[in-house]
Each structure stands twice: as C-alpha cells, then as structure tokens.
Amino acid sequence: MPELPEVEAARRAVEENCLGKTIKRSIIADDTKVIDGVSPSDFQASLLGKTIVAARRKGKNMWLELDSPPFPSFQFGMAGAIYIKGVAVTKYKRSAVSDSDEWPSKYSKFFIELDDGLELSFTDKRRFAKVRLLKDPASVPPISELGPDALLEPMTVDEFVDSLSKKKITIKALLLDQSYISGIGNWIADEVLYQARIHPLQIASSLSRESCESLHKCIKEVIEKALEVGADSSQFPSNWIFHSREKKPGKAFVDGGRTTAYVPELQKLTGTKSGKEPNKPRKQSSKGYEDEDGDKEPVNEENTGRAKAKKNQNTTKGAARKSRAKSNSEENDSDEDGDGGKEDKPVKMAKRKQTKTEEASKKLKTSRKSTQSRKVKK
C-alpha cells in the first residue's frame, strides 16, 4: 500500500515536471467507486484550460493546485499510483512507463495531457482509492481529519514523549492511526519499531523515555532515507526488516492478518502491559472496512459483498443448527409420546409429568400391599 514516501515521490515528480503547464485534454473514468461525487463530464470540463501551479500532500493524500478551484485530489487507498509517461515516479510499484506499455492503462481513473505533450495518469487496480474534485481539499475529510504529517509537521521529542505517555493502546496500532500521525502505514510502522527495538504490542504509555526518543529518531530517519532513494525499495538499506516481509527468513516473524513483521529476539515486551497478537481480520465499521494500515476502505460492492456473504453464511449455519436441534427434539418427543412430534410442547410436558406421577403412585401402592402381606403371614 502506498505510504508517505511513495505519495511524496509522486508529488515531487509532478512538481518537477508539471508545474506551470496547462491541461489541454482530460479523461476521467466512469467509475463511481473511485470518482467521488462528480460526473466524468463535469470533472473533465473543470480541468480544461487550467494551469497546474502546485502539487500538495498530507499523509497519504495528494492534490493538484490549479490556477483556480476546484482542485483534483487523490486518496491513494491500497493500490493508487501516479504515472507520468517517460518519467520514473517511483520504483516501489513500477518503473517509468515505456513505449511498449498500455497507455493510458486500463486501470487509469484520471488522465490529463498538458500543453507540452506530457501525460499524467492516476491508476488504481483495486478500486479502493478516491479521486475527488474539491474547492479546498485540506478543509474537508479525509484530509481535514488527519493528524500532523510525519514528514512536514513532526512533533518535537518532548511533545512525542508526552503524547505517548497518555496513550493506552499498542504502539503499532497508534502509529497506524492517521488521526494521530499521518503518513505512516504498515511497512513504515514495522520498520521504525524494528529499528527502535520496540515490540509492536507494547502499550504506548508503558514505553520508557529512552524508547520514545529512539522511536522518534527512527521515524525521521526511515522516512528520510526512503525519500532519499525515491521510495525505491530495492535501494532501502540491507539491514531493514522491510526486505523480510516477502522473504520471511527464520529470524523474522511475519504474522498474517495485518502482516506484522518483527523479530521477537530483538523486540521484547517489557513489563505487564501489552496487547493481543495483531492478527485479527479487518473489522467492519458503519462507514466501511479497515485495511491493514488502519485506513477505512470505502463501502462498495466488493467489500459489502464480503460482509453480506459472511452474514448469509452465518445465518445459514444458524438456521441449520436450529433445524437439527428441532429435529432432535421432535425425534425425542416422538419416541416418548408416540405422537410424531405433533403436539405442543406444554401438552407433552404435562403428559410426561402425569405419567411420572402415575408411575410413582403405582410403586407406592405396590409397596403398601407388600408390607400388609408380610404382616398377615406373621
């Protein structure tokens, strides 16, 4: 999933290649899952003749500032990516677009051609991204709800230590919370915790000042190093745990679910404060699903279909259990009463009670007769 370095690399590529150029052609996909709140025709019309004056970013979101609003904004989701034909934006996903590549890609959601012939496309294979047309992207959700950007608005060491001391949740979950710090996703969280030798399940408030300071330093170093190499993961330092996420060597434990990578021998839990293993499946909220970085996926046919299928499956299983229980009950009733389970339960219970009472009465009479017979013989 694109995280701060990947999105920042895209922003810098746009800044280096597209500023001051005018949009002369645009193609917006007819995909309401990704293109949010505006028709393709209206979106296209609003871009034509506009000049790109800046490329902005906060967290994992980016937008193009034009010479007049509204502005196109991009929430990268799980697989969003910016490509500029002939320009290598980032090698984390793919290198520069070559002449042999399909262009624009069938996954393109936003395409523009500039007055010098340069072409830019935003693609999304998984369709969890959002492309919007907004008057002021920073003033509305999701950008307005983000915490300070991990690169542009870092907390001071003292602010960071004080903030962590008040958080009663696991440190990795906190780092993934975009309302706390924006831009950190799954691989960055794992990397900085590994570099700082902190267990991902350690409760934030239980961290020592030394650990907090180390984590603060590692966040800065990991992000800056990733940006230094243009978010090209093949150039990340060889001692980063990032490279273990796919290879899964013996020294690293790679958990399912949230794909948490850490080394138990080096990242030890301290004290008694720790959370549960981070291998729970995505949880559903009223607005959608959370992906592995804690971001909410939009409600759409794919994930609501998953939820409905699961619900139907559970309902079917529940109905089957009830049916079996009912069948067993009816069989028992049929065996004891010989009525094939047709009588109401209260009637059956009354019959059983009556039968037991009659049997007890017979036993009592038999016992009395036996006693009287013994007395007569004497």
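Cβ from N, Cα, C; glycine included.
It should be emphasised that the depicted structure is a prediction, and the values quoted were computed from it without experimental measurement.
Taken straight from TrEMBL:
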COMPBIAS  296-305  compositional bias 'Basic and acidic residues'
COMPBIAS  363-378  compositional bias 'Basic residues'
DOMAIN    2-129  domain 'Formamidopyrimidine-DNA glycosylase catalytic'
REGION    264-378  region 'Disordered'
Residues of the domain 'Formamidopyrimidine-DNA glycosylase catalytic' (2-129) by DSSP state, where helix covers H, G and I: 22 helix, 49 strand, 57 coil
Average pLDDT across the domain 'Formamidopyrimidine-DNA glycosylase catalytic' (2-129), rounded to a whole number: 91
